[in-house]
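Q: Sharing a structure below in structure tokens format, with a few things to ask.
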Amino acid sequence: MWWDERVSARFRRNLQPTLTYWSVFFSFGLCIAFLGPTLLDLRCQTQSSLSQITWVFFSQQFCLLLGSCLGGVFKRTLAQSLLALFASSLAISLVFAIIPLCHNVVVLAVVMAVAGLAMGCIDTISNMQLVKIYQKDSAIFLQALHFFVGFGALLSPLIADPFLSDTNCILANGTANASSNLPHIRKSLVPHHPGNLSHYDLPMKGMVVTRVSYAFWIMALINLPVPIAVFFLLYKERMVPCFNGSSHPLLSADELALETRPGDKDELSTAGQRPHTAAGHEDLFSCCQSKNFRGASYTYFAVHVTGALVLFMTDGIVGEYSGFVYSYAVEEPLSVVHKVAGYLPSLFWGFITLGRLISIPVSYRMKPATMVFINVVGVLITFLLLLIFSSSVVFLFVGTASLGLFLSSTFPSMLAYTEDILQYQGCATTVLVTGAGIGEMVLQLLVGSIIHDRGSYSFLVCGMIFGCLAFTFYALLVFFHRMYPKPSPELDEASPDKAAVPEDTGQYQR
């Protein structure tokens, strides 16, 4: 294997939980990408207007952000984390099964809000738990985790595509013009920007002819093994209440895994281990309590803020580019035909998934800080070249692929880098997940408004500005990293709390 024996052995010991967290993130990806291509058929199913149905995007994204903030609440014990993941992954399967039964747009928005909450919890908890298991070795496993969300995001539109309506799915008089524009309308659907399709007039009453229900039921079945896998992990760890025949105490989440000290051998600890209060990885609201600020230096806050701002920009770029690149391509001066322009979002997400796959072995050989540097510089250069060759259709496709590659590993690399700076004792995971979610929602709304007022060329200008800001915030993060106080080995060994911390076995612990 291309990694060393220590990491390989640690992975083998934690194989089941690691695969479980990866599979749960597949659920996240499956749920995040289906809404765009199926939205017109869902409009027919609910017999609503385009402006009404696109608010379903907002309900999902807003609750995803809320779920990300609340996800840290379930980290106090491993049992809470796994039960939350079980409920969330099961909720996603139920959402897929229930969507075909939603014939009212408000009911559909509520169902998608539930899906958003489940996705937010999955996002925060899965990242947290992998960081806790592997700590300094977590970068490679985080890259794999985010590959699975990309894989799920690629798969769900492919499942839905055979069941999408080729013509308007509400049969009424005078729909010929609207039906001919249907492929363009479908590609123009932009998440979180409900007003962008209000100028299209599609019928709201008539006979509904859509087969999209089959796509959702297929996705429900595909996702069903995920909550089953989480249940088996709960059962193995004797955390299922009705099947728990013993009364083993649960350790806190911070005792899930501890970094192996140099010179220590991997052997199971036989000493008694007592639960203790978790020292880090709180939910967003707990992070903001004054007790967590006592004695903290200004660099502690600066690392959290600058790390979150980098992801605010980079995840915002992912959202705005995937949402508006089609609209940019079909407008002047490029005037790409609708069918060809429709490949651009797929190309972008395809290279994000490919980049995450490539980053798995690369992250073992390269430090997370170096990977983030390459990512933000690559994004900046790509947008600069896109501006220079703004009249070239060929370079638009090349630049889209390049941008997907550079953005692919930014989030897991930044998470591993920031957690390492803070010695896994801050609130980095929750703060970074929340910052990324806010950026994806806010920047897409902002860019949509600017394009509406200033024209399509502002799409690339905005991307260039966001890329510059991401690089600036990264430079500040590196500066604060150098200023951040490093732990003293002598004090660490002499600490009275040292004996209370269980020896790291590299083993998944309850």
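Note that Cβ sites are derived from N, Cα and C of the backbone, with glycine treated the same way.
On a predicted model such as this, the values are computed, not experimentally measured, just so you know.
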Q: I'm validating the feature mapping. Which of 258-280, 488-510 is tagged region 'Disordered' in TrEMBL?
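A: Per TrEMBL, the stretch marked region 'Disordered' is 488-510.
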Q: Given the transmembrane segment (138-159), which of the listed stretches 52-74, 81-99, 340-358, 370-389 has the most Cβ pairs that are under 8 Å apart from it?
A: 340-358
Q: Could you tell me what the rest of the chain brings near the transmembrane segment (340-358), counting residues at least six beyond its ends with Cβ under 8 Å?
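A: Result: 33, 143-144, 146-147, 150-151, 153-154, 157, 183, 187, 318, 321-322, 325-326, 329-330, 396-397, 400-409, 412.
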Q: Mind checking which residues of the chain, 6+ beyond the ends of the transmembrane segment (105-126), have their Cβ under 8 Å from one of its Cβ atoms?
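A: Answer is 21, 24-25, 27-28, 31-32, 35, 42, 46, 48, 52-53, 55-56, 59-72, 74-75, 81, 84-85, 87-89, 91-92, 95, 98-99, 145, 283, 429-430, 433, 437.
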